[in-house]
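Step one of this worksheet: look at the structure below.
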Amino acid sequence: MAGTQTTGTQVQPPKTSLPFMKKEDTWAMIIALLLIAGITITYFTGGFQFFKAMAVKVPSWSNDFSKVSASFSKNPMGIITLFGFFLLCFSAAAKVMGYNVKKFAASFFVLCLISVFITVAGSNKFLKAYQLETPILALVFGMIVGNFAKLPSWFEEGLRTEFYVKTGIVLMGATLPFTTIMSAGPLAMLQAGIVASVTFFTIYFAATKLFGLDPRFGATLGAGGSICGVSGSIAVGGACRAEKEHVSMAISLVVVWAVIMIMILPVVAHNIGLEPGVAGAWIGTSEFADAAGFAAAEQYNALANLPAGDDRAVKAFTLMKVVGRDMFVGLWALLAAILSVTLWEKKSISQSERVDYGEVWRRFPKFVIGFFAASIFTTLVIASIDPKLGSAYSKDALGVVKTFRGWTFTWTFLCIGFTTRFRALAAAGWKPFMAFTIGVIVNVPLGYYLSTVVFAEYWMGIK
Amino acid sequence: METAQKLPIVTYLTQIIFHLTLNQEDIDDAAIWQGTVGSGQVRRLGELMTKRTERVAAMMDLLAAAGFEFEVKKNVVYATSDQVEAFEAKQRLLEAGFKDREFQILLEYTRGWGML
């Protein structure tokens, strides 16, 4: 393998990794990129109406349900085609990935039905007044059902939070101009780098120096609280050979805090009147997991009652989380791997076990490539056509992509709720809990300060 | 009915890699190629290679007893287990007198169902 320290025989890619076509990242990219390509091609060559009809939106309503029913009866096939299309795509992917396709399809169908009811309820002005918007409704509904009822196993087959959120993130890439990524990327990386480093080392030192925990455990906790949540704990835990029990505890803490943050961050950001871009950046540095972060950013959007198409909070969140934090998990994993075989084992580089520099690529979240590819593709399309046609394409074609992204996120939020079983999470113990919580206490204000003061000007200007 | 409560938060696969060929640093350490090149140096290299393969075989015996399974590809032996954690496997190897630089460990965690 390229980058392996050994100078003898080439090492093949580790068989510990799933084959490319068996990964959710791969299928999230394939489905989303083909969808974007299909929408774009049909927009310019004909047949776009098929996708446009599928882009079902639920109107706001108060006491009179007729507004909603009129919207559905105006385009009765829209919702059927939408769910049928995604059912086919996801089921095909599920088959290749080795899921039970029948169970998956049945489950996804039910998930779609629930998502309609949740979206309709979340569009109600009365519920909105109580801040019960679609993201929170989906999350709370899922958590109540998931924690108090015994779900059938066939339904659990379709609850694939990561699959849906990754598909949504790649779709998100299409709506984020690559020029914005290029201009915001370094700033997002800087801000995220500061917050991630400070939080990681705060948790690590709290865990090891204050509470006497194993350094591997400290690093795994630190990665979960600073880099990218569960994925961070898994990547760094694997790289530094942390114990399974320690990784499980770190994940439990990430999940619990991620859910708490979905409830707190959007409400606080909205109530203190943060600008959407600033709020998104703060959520991007303070949320622990992608799926949870999107829930928080979408919830902020809903609370702030931003007009349709105003994606500033979600865009800022995505730049901060995906570009600023997720991309670097491989480097953190490599750092942890080197530290684990040298410093933590008190051995010199020449005595220590060899570290595989391929860690950087192996732990890299591959769906990020799809996110960039989608952004580059639509940016090139817009740049290569007449400006008027370009704005029409942005509004119409990418508007459809946004609507699809909205549905994938609603399925994500429902899945977060259904799958967050608090009693199933490992008992973390007070020491890891305290170490992680100290990290949260540092992370949230630091992210707030950087987003609202140091880099505020940029985030306020994001479009 | 199988429910999520019974599923683990993470699963893992421990993989230990053994190179059957010599590393350049082993050859350099043994100072094989110093002086005039001759058949004696090649024999010395062969002895080093025999020693290396013997060491790998001994490590494999130890891991086989712990339930590891093996595969080989291009002179690299992969020992894999989803039952023995990486730190345990390393501990066993070191306690048996093997050195850190004689093997390489890869540990892959996979999130359990439902984890964010």
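Even glycines carry a Cβ here, placed using N, Cα and C.
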TrEMBL annotation (transmembrane segment) - matching range among A:163-181, A:277-295: A:163-181
With Cβ-Cβ distances below 8 Å as the criterion, list the same-chain residues six or more beyond the ends of the transmembrane segment (A:134-151) that contact it, or say none. 114-115, 118-119, 121-123, 127, 259, 262-263, 295-296, 298-299, 302, 409-410, 413-423
What same-chain residues lie close to the transmembrane segment (A:327-344): Cβ under 8 Å, and 6 or more beyond its ends? 189, 192-193, 196, 200, 215-216, 219, 223, 227-228, 231-232, 235-236, 238-241, 352-353, 355-357, 359-365, 368
Please check if the transmembrane segment (A:404-422) comes into contact with the transmembrane segment (A:219-240), where contact means 3 or more CB pairs closer than 8 Å and the residues in each pair are separated by 6 or more positions. no
Stretch in A:104-122, A:163-181, A:219-240, A:364-384 most in contact with the transmembrane segment (A:77-98), if contact is a CB pair under 8 A: A:104-122
